[in-house]
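What follows is a set of notes on a single structure, which appears directly below.
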């Protein structure tokens, strides 16, 4: 249990760590100052800063910056333990082993006789965790970890409501631990601590009731001063000040957020023609056509009734051997066959069942002393011996698994610097210089006199920007900014708990009949009709040509048994039979096996030499021979290619000084070279003549800060900052009074799928679907399934005797026979070999404790322990050893130039030239490279006060506000009628809180509103601590069966039931196979000592038997008494939402329920629209004072209200939820959030196709719900908001998504009169005919813009599309002209990408016709069904049709436009 002392100690340590961290930062900033180490002295002992020690067992002290801070250890109260003991050097008492409270002791009668050992009970439930053991001695300090990253900013000093947990009357302040920093990397393991004293073994206690809060501890010492906190949040804006003069232009603002998506672009150019599409779905049933030619033979009809018996046919050829039939029933036993040849000796049979216990034999002679048996099981633990002398230190164990990260330790002292790392690799090679011009071979001349100074070059480019000057002193506070824009409404709250079901409303009046719905989708194919009567017998046809060999049919039903055949040849060797009874003693055996191989004999004499062998294969090449003598000089080779520049050689020796050369002519100025490394400073040159004044250089680096200027005039208020993030929800207010009864909730989310229902009654046969398009001729089909077995024919005549079949497979071993009678006692055998060690005997009684043994040798290295619990925060360790050298550094810069080389060999002497005169001054050189950055200039004088700056850009969004104070208990409002959700209005300004009104009478229940959209999931709350168990609720009604949850943890075993009656002995099943080795069970308590059995003889090791048959299931035992209820298992994952159930029958109205707990605060709502700009306000009074200075050592909590002192104050109140209601609320919030989240995730993973949860395409729906029927569903191909979802028809057989036109049929009438009826041309219906229109899609009431966007996405996600159009005609040719036999008068179709689709031409742009009834002018109405199928999905849907054969007064037409289907 986390005691108050722990908390105070934790706070003390956290404060120390904060202080230390601040000191380290301070040390780093001013490292030049040498600060002497701070120490503390107590009782004559000196302690370093941050040392922690216990001067007495019940006191703990820390050295804090020279001050000793001590605190008392407060112990937990031990209940029911009169003889508590305080261990040596410890402060808190513990209860010795075996001592129980008086209530547990009962009087006992005389001890009865010892019963037989009972069977081993089932494994008991895990006991509750025992109490914490006595703390061990502190371990040696570990090496210091590396410094952690800086902690998060501390809380400001004015957040009292959040910190009121550590209240103390006497304290003027208290420091609060910051959140835990991330753990540093793991340090080296410290040396093992000294072993703690042996703890007493506590009896496992019952789980106790939660104890009352302990008494309040004494006041802790004042914490060290905290690190300066970050600046507090800005105060509330003051009233606007007077308008200041406009300031200078502000810095450029951050880039704005991305703009809204732009307007829809212009229509793109037509794409290339796509490939021909696939056939669309079948159109509605056409009118009857004229009888067609005979169709291709149809599929095989259902099996007819059996015909008359035919004449016997000629015997067919022998068929291929059929598959083995199913094993027939066992025939009657045949006559005994002749004895087969003796079989091979079988393998050793499985070990037989033990025979019945034989009579005890006479005592045998004393056997040879057996090898020591395996160690028996550990006996019961003896009483603890006296502690032995300390053993040798054991070998270091392997590192344990890393424990849970402990609280971070205090930072250790800084270790000494590591040794110098190895030198870095040599820097990269410099670029080679350009080749010099070849000099004349003269001796080097003496150094000439310096030439005249050249003209000053133009000024170089501006140097780099100087370092940023030190930060100026803060200017005066600016005017307060205008009030921030109103924050958006918060996100939607979590769904409240379900309200109690309201009474059912009265039935409404019957509505008027609705308008006729749109034409239904084609029904599913009807079931096959009943078999027709058999037709009259046809004439015998001519024999057909032999067909191809069919596939082997499935095996027919087994025929009747034939007569028994003659005995077959001896079968293959069967499996070993069951072990027979022991036979009589056999005759003496044959001589034994040959002995083991003898020792090798002595080597024989050397034999004569053999013949020469054949020449061997070519050997591997030999090693290289010695180098030959040097050959003569060869002719000079042709010059090679220019080689790469070689690496720089070692510097040569310095050459001798040459003679003075002739000055050369002045060269033209070279191009500006690359900037060289900074050279060493040269000697000071002669003072040159002053150069002309250069242009003004760039500004130098800013000098040090000048004296503080006068305060500038206040700047204009900055633009409004973005509203801060929504603060954490304030602490929950107390529960309100119960509100009136709520409306009946909407139907809950779809439940998990129920168990499959019973088969329903067969539905009526559906209407026959429209004819599908003709498919391409299929490949030859595989043999169909075998037809049902015909009636059994008359028994055939017996066939000829077949050849003996192959021996069948060996049958399974039969069941083992009953136990045989015990055989006669055999003669004593020869003395057997020494037997294996027998099984371990039963554990002997516990002996008295032995004398203390000698110290044993160190044991072997132990197995790796399991990860221990996280340790308490360790004390700071001593400084670590110097670390190993660091890794090699990065390559260093190129080194300085090497020393002068050795003297070179002297070149041939050149002719001495005449002395030249000094050259003229050359033209000015090009500007030199930018100079190195200059040192900062001296401080400039204080500048004049600047003019105020312009309004700054809006500040960044403020940090999340701290949780508000706990709200007052609210009054329940009247439930209003739930209206439809209104459009989101701009949020009004928040009014001041009015006084609570009087409680109104409960309102009438409003009608249920539509269910709101699901809120976004809230942020994941931190897991609450375990709450105390709530009161038991009333029993709920049985819910629908959920899906089976994950298997719960095994419940605690019930008590042992009464012994059943002894059953008859079952037949012994054969031994099952050895199971896998189970995990080692927990060690059970030692059973009582059983009577000692006689030592059995060691049995021989049998071979492993074959796996036996599965035994029969035993009878079901009587039910045991109910076990105690197990702990509640974790909630199963939320199942997928089931389909919406049918409405239930009306229940009787329930009683008015109490109001449920208020739902958790919802996540923030979507941001509201920006309000209109208000009028500019008048300038306000001066702004609020600036942010507070850094806080002192603690937080001043003296202004908090005095807490009631009747009960001890719970110091961890705000850290721990010990209040059951708080826990319940928290759990409710978490559960609600989890349910909402899992529902949303389930909806994303498995959409329902509803308007609220649309699928992306029908193909997605089919994959998620393969058993759903075809019909209308909602899809949202572009995802995002579901308000633009469209309703489509999903063909669940194929996964096609079919989008219907908004107007599926065009009236049949005369649409067009041509001015010149003889001149025929294609006329577009939507573009050129009066009253015509281009076809739009998406069903009634959908927004065409939404549909266009959704179709674009649907096309992208589809690979093929198809559509049908039916053209109704009267005296108008649609496709084939019967008079001419050509397609000149065929219709044109226009696709979505404005491409024309024709009846003939390029096959990728042609449609097909499945039915053509408009081929001539008959004066009657006909129709032609056009189908277009393509993989270029951008061509569909069709938006216009152009007939050619129209324009006369007697020519009429109309269309039916089918859906465009995408797959």
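The backbone N, Cα and C atoms fix where each Cβ goes, and this holds for glycine too.
Pulled from Swiss-Prot, these are the features on record:
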COMPBIAS  228-242  compositional bias 'Basic and acidic residues'
COMPBIAS  278-294  compositional bias 'Low complexity'
COMPBIAS  378-417  compositional bias 'Low complexity'
COMPBIAS  494-525  compositional bias 'Low complexity'
COMPBIAS  537-563  compositional bias 'Low complexity'
COMPBIAS  572-591  compositional bias 'Low complexity'
COMPBIAS  633-660  compositional bias 'Low complexity'
COMPBIAS  695-723  compositional bias 'Low complexity'
COMPBIAS  783-797  compositional bias 'Low complexity'
COMPBIAS  810-837  compositional bias 'Low complexity'
COMPBIAS  930-954  compositional bias 'Low complexity'
COMPBIAS  1077-1091  compositional bias 'Low complexity'
COMPBIAS  1092-1106  compositional bias 'Basic and acidic residues'
COMPBIAS  1125-1149  compositional bias 'Low complexity'
COMPBIAS  1206-1217  compositional bias 'Basic and acidic residues'
DISULFID  1258-1290  disulfide bond
DISULFID  1298-1461  disulfide bond
DISULFID  1369-1414  disulfide bond
DOMAIN    38-96  domain 'VWFC'
DOMAIN    1228-1463  domain 'Fibrillar collagen NC1'
CARBOHYD  264  O-linked glycosylation site
CARBOHYD  1107  O-linked glycosylation site
MOD_RES   426  4-hydroxyproline
MOD_RES   438  4-hydroxyproline
MOD_RES   546  4-hydroxyproline
MOD_RES   582  4-hydroxyproline
MOD_RES   591  4-hydroxyproline
MOD_RES   669  4-hydroxyproline
MOD_RES   714  4-hydroxyproline
MOD_RES   750  5-hydroxylysine
MOD_RES   771  4-hydroxyproline
MOD_RES   849  4-hydroxyproline
MOD_RES   1008  4-hydroxyproline
MOD_RES   1143  4-hydroxyproline
REGION    98-1217  region 'Disordered'
SIGNAL    1-22  signal peptide
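Annotated features, which come from Swiss-Prot, shown on the structure.
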residue: 264; record: O-linked glycosylation site; Cβ contacts under 8 Å, 6 or more apart: 1345
residue: 1258; record: disulfide bond; Cβ contacts under 8 Å, 6 or more apart: 1249, 1273, 1275, 1288, 1290, 1291, 1292, 1295, 1296, 1297, 1298
residue: 1369; record: disulfide bond; Cβ contacts under 8 Å, 6 or more apart: 1413, 1414, 1421, 1422, 1423, 1424, 1452, 1453
Within 10 Å of each Cβ, count the other Cβ atoms, then let me know which of the disulfide-bonded residues 1298, 1414, 1461 comes out lowest.
-> 1298
How many of the residues that make up the domain 'VWFC' (38-96) does DSSP mark as helix, as strand and as coil?
-> 0 helix, 24 strand, 35 coil
Where residue 1414 (disulfide bond) falls in three-state DSSP terms = coil
According to DSSP, does residue 1258 (disulfide bond) fall in a helix, a strand, or coil?
-> helix
In three-state DSSP terms, the structure that residue 1298 (disulfide bond) belongs to | strand
Reading the DSSP string in three states, the entry for residue 264 (O-linked glycosylation site) is coil
Helix, strand or coil at residue 1369 (disulfide bond), per DSSP?
-> strand
